[in-house]
Amino acid sequence: MRELAGSPGTWSGLSLRVGQLVFAAASVCATASALGFAAYTAFCYLIASMGLQALWSLGLACLDCYALKFKKDLHSAVLLSLFVVGDWVTAILSFAASCSAAGVVVLFDRDIYACRNPQLPCGRFELAIACAFLSWAFSATSALVMFWLLASL
């Protein structure tokens, strides 16, 4: 089987997982530190989605570390099927949450001019959304690699 960049059990796969984890955690921290985020469903959904993304990425990063340390092969059909489903689910949830939160911020900023109010931390929301989109980009890349590997078995 051909070795792809981002395959499970490789350094590039570990770097994809760490990127997902770091940006998902940064998104959660930025959103949770913004006062009043709980009043808006899109930001609650963003925290839930990025929390799930962080947990999934942490688990697979640990699995990649284990595989690298003990030189294990993670290219079995069962494992790749699990990775494909998990990556696609988290990627779709991350994208939906990022888009919905971005839509709310665009509404606040461009339509009702609520970001002029200093009590609404639009800058933190924008930072959280940017981190969420970056986490989604890593997740979508990983999902495509896993799907490609599964298809090549």
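Using N, Cα and C of the backbone, Cβ positions are placed for all residues, glycine too.
What Swiss-Prot annotates here:
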- 1-20: topological domain 'Cytoplasmic' (TOPO_DOM)
- 21-41: transmembrane segment (TRANSMEM)
- 43-63: transmembrane segment (TRANSMEM)
- 64-76: topological domain 'Cytoplasmic' (TOPO_DOM)
- 77-97: transmembrane segment (TRANSMEM)
- 98-128: topological domain 'Extracellular' (TOPO_DOM)
- 129-149: transmembrane segment (TRANSMEM)
- 150-153: topological domain 'Cytoplasmic' (TOPO_DOM)
Outside the topological domain 'Cytoplasmic' (64-76), at least 6 residues beyond either end, the same-chain residues with a Cβ under 8 Å of its Cβ set are 1, 7-11, 13-14, 17, 149, 153
Its residues classified by DSSP, the topological domain 'Extracellular' (98-128) shows 24 helix, 0 strand, 7 coil
DSSP-assigned states of the topological domain 'Cytoplasmic' (1-20) in counts, ordered helix, strand, coil
10 helix, 0 strand, 10 coil
